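This report concerns only the one structure given below.
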């Protein structure tokens, strides 16, 4: 096609005023026509974006400032939803539960991902098998069925409970225990460390071997080599993983919903932010409040992301000249 | 394309342009088609009539596999009798059903006929979702004859007929009969709350089984207790009790959890969706009498029904509640909807198929057609006869709009309380604040 196009331009009809500066009109027309074609080809996507993403977002931003029960038309109430939210003990609880989940779950997951990536980075026999095996949970982990499996594993008198009791540490199942059940959700996300692990592996492969050789000659031990070479060299990858996993953690919903048997309990102990949002919107029909909650979440995630970006100049090293 | 180009000695802009234009037009057409398709799917699904006069109505209900099987059989019967009406069904479990229904109703596309309950009548009437069936009764498409014990009044709210009952049920106390026998306790009509809790303590002390699964979180039971004391859970537009009442009810409940005569709430949570009574972690549970069938399939013991404890040795506060069938105010086929409901509540064959799955059959035709042969269903039939004979039955207060949210909050906050996560005083305050919001919405 590319060659045909150039031929076409050369063969432009004689009535084109060649003398004028700038591209000939035919070329302009062509360009416009090509743009038009491009837009038309994109139109299904653009329509989809406007109808399914931009439209709903604009609507939800509007609803956030209204009292809207899905049936009667929305009533403008300004910032009331936001002030009500801050006073709502269940909203506070949902923020607390989510924060706990993010702060405990994300670092554990990344530590495990990095640790296993370091082990798997070396050439060993059966390496491909181990990589696949550790990655597998990431593929299936988000599914509802795994949530059910988790609920079964951590129930009273199930595998986890029995193992614990065997070691004389008796708490009963985690699922019904408000002090423990959140940690079963943390375990579920940590178990899915495969995705960040693969990214770490790619990062580790990029670290030049000569650096390690030079360090070894200078007498640096394994820990020193990790601290002074590996970590700084993979810091961009680490940054990427921290960012992605943090954002991801804030949005936890499915596992909390399934493990708690759709109640986000017991005693609101798994009332993660999105679970409360869902209850407000779809169970109590307070769509305005739910929309306001959604925008607060967006703000919070944006804020955390901004802080992470701001912090990166202190610990993330980009090797400009190395490649 | 290249071939054409060489044979014609190079294409001209015009020619090529037109080729392109065609492609572009096609692409545009395709994307418009996609859009068009999307629009039809979004707005479509109207149960429209087709050329030969056949209409389709959608019927939605909550329940599980067993109920689905029975309902599909009854629909097959209906379609045989009314070949011009096709019924499309849809079902979920209770919670998912109302979530989906709410979204559909808000979108102006609720099912034509659906299962309903007293907590939702005012809520959806207020939002003009429910069809007033009065005119269909007047038109002769739906008969109100032969309902047992005036149960058809259950669906009447503010002079409108919003639902037709398919079966009736009443609150009861379900027992693990083996445990109660071993403890030597025989519940009797008119027994008091003190006697009930003494029985639980005896069971706990003699057999190391907790007594009850957590009575103080059940809204419908608290309603009975309030009625025994001349109050009620709901008035027509709000709550019929105050903070002091609830504080007492919950404080006693919490003390009994601590004393071990109520099942450990952690255990109850872990047993879900199974009941702790069926799993052997409790000796009794307050619930609707038609649920007895459920325990028989879930658990290993034998389960029987006992009278509700009383305050004065007489009044239990009980009333008949009911599952209903309602129509959508937006249905295009109100006549067919009425005919369908009429068939479902009056046809004797339907009664035989459904049994007591949705409570004791509401009309005499169906009640007489079905004679239970299995122990749980026989027990339910006898229980309702006994309750009716005892003359304790009152009438249900139609719940105000928002009652469903209030019920969910009551259950949840009582749960937090029993887990020791909230103080009684805080729990009571939180309940009243959430109830106020829900009832005002």
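Glycine too: its Cβ is placed from the backbone N, Cα and C atoms.
Keep in mind the model is a prediction, meaning the values are calculated, not measured.
Residues or ranges marked as compositional bias 'Pro residues' in TrEMBL: A:14-24.
Residues or ranges marked as domain 'ABC transmembrane type-1' in TrEMBL: A:95-308.
Annotated region 'Disordered' per TrEMBL: A:1-29, in sequence order.
The feature transmembrane segment is assigned by TrEMBL to A:38-65 (among others). Same-chain residues lying 6+ beyond the ends of the transmembrane segment (A:38-65) with a Cβ under 8 Å from its Cβ atoms: 74, 76-79, 81-82, 287-288, 291-292, 294-295.
Annotated transmembrane segment per TrEMBL: A:101-121 (among others), in sequence order.
Among the features that TrEMBL reports, transmembrane segment is placed at A:133-153 (among others).
Here the transmembrane segment (A:180-204) has long-range neighbours at 97, 100-101, 104-105, 108-110, 112-114, 116-118, 120-121, 131, 134-139, 141-142, 146-147, 150, 154, 160, 171, 174, 230, 233-234, 236-238, 240-241, 244-245, 249, 252, 255-256, 259-260, 266, 269-270, 272, meaning same-chain residues at least 6 beyond its ends whose C-beta is under 8 angstroms from one of its own. The transmembrane segment annotation in TrEMBL covers A:180-204 (among others).
Distant neighbours of the transmembrane segment (A:225-244): 106, 110, 113-114, 118, 196, 199-200, 202-204, 206-207, 211-212, 215-216, 305, 308, 312, 315-319; these residues of the same chain sit at least 6 beyond its ends, with a Cβ under 8 Å from one of its Cβ atoms. Per TrEMBL, transmembrane segment is recorded for A:225-244 (among others).
The transmembrane segment feature in TrEMBL is assigned to A:287-310 (among others). Long-range contacts of the transmembrane segment (A:287-310) within the same chain, counting only residues at least 6 positions beyond its ends with a Cβ under 8 Å from a Cβ of the stretch, are 60-61, 63-70, 74, 77, 81-82, 84-85, 91, 239, 242-243, 246-247, 250-251, 273-274, 276-278, 280-281.
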